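Visitor: So Swiss-Prot lists these for the protein:
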type	residues	note
TRANSIT	1-35	transit peptide
TOPO_DOM	36-67	topological domain 'Mitochondrial matrix'
TRANSMEM	68-85	transmembrane segment
TOPO_DOM	86-230	topological domain 'Mitochondrial intermembrane'
DOMAIN	134-228	domain 'Rieske'
BINDING	C173, H175, C192, H195	[2Fe-2S] cluster binding site
DISULFID	C178-C194	disulfide bond
Amino acid sequence: MMNAVSRAYVRGGAQVLSTGLKASGVAVNSMANRQAHTDLQVPDFSAYRRESVKDSRRRNDTAEERKAFSYLMVGAGAVGGAYAAKGLVNTFIGSMSASAEVLAMAKIEIKLSDIPEGKSVTFKWRGKPLFIRHRTAAEIETERNVPTSTLRDPEADDQRVIKPEWLVVIGVCTHLGCVPIANAGDWGGYYCPCHGSHYDASGRIRKGPAPLNLEVPTHEFPNEGLLVVG
């Protein structure tokens, strides 16, 4: 009897197991539905491609032309960059250059052989006119013999020159700052047309409203034919 019961239990278990497997098989089949789309189109960019590169199997006949264009663009960019760099470098160097105040203190070198005897030449120095006069022997003699007692601003001629033949003065009238005219006036030196001041060939005031002689700047003669002012 026990054998019959055992066989019945086994058959029941097999039926349950078989039923479970069938149910599980139905569940698996229900989850395996395909969700993929088969009507998608592969993107085609042929309309945007140049004719020369549409066929990848064909030899590219325009490669050299396109390379030349690329080289041209790179070269143009390099030239533009060089000009931009040049501007930046010039600006940087300009910011490091001497200021106007420093330049105003600069010296000036004058070649004396360019000034003939008896002539007065004007240069620009520190923003002002500079008179360089190559005096004649007669002018030197005349100015040396002037009594200082007769002068408004007493000063002997040898106090105003380093070399007798060269007079170096700033060409600004000591009255109101006008620029005198060379080789003019009652004393043949300088004449200020603004208010009528007369200076002699030593730059000393002789007549008119100017209170002082023309200023003599610092200068030297490093050699026989060169004058350095400043």
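Heads up, the Cβ atoms here are built off N, Cα and C, so glycines get one too.
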Visitor: If you count other Cβ atoms within 10 Å of each one's Cβ, which of the binding-site residues H175, H195 has the most?
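Guide: Comparing the binding-site residues H175, H195, the most crowded Cβ belongs to H175.
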Visitor: I need the CA-to-CA distance for C178 (disulfide bond) versus C192 ([2Fe-2S] cluster binding site), whole Å please.
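Guide: Between the alpha carbons of C178 (disulfide bond) and C192 ([2Fe-2S] cluster binding site) there are 7 Å.
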Visitor: Taking only the Cα atoms, work out how far C173 ([2Fe-2S] cluster binding site) lies from C194 (disulfide bond), in Å, as a whole number.
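Guide: One finds 9 Å between the Cα atoms of these residues.
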Visitor: Tell me which of the recorded positions C173, C178, C192, C194 sits in the most Cβ-dense spot, judged by other Cβ atoms within 10 Å.
Guide: C192
Visitor: Show, in sequence order, which residues other than C173, H175, C192, H195 on the same chain lie with their Cβ within 8 Å of the centre of the Cβ atoms of the [2Fe-2S] cluster site.
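Guide: Neighbours within 8 Å of the Cβ centroid, excluding C173, H175, C192, H195: T174, L176, G177, C178, P180, C194, G196, S197, G208, P209, A210.
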Visitor: Helix, strand, coil residue numbers for the domain 'Rieske' (134-228) per DSSP?
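Guide: Across the domain 'Rieske' (134-228), DSSP assigns the residues as follows: 14 helix, 25 strand, 56 coil.
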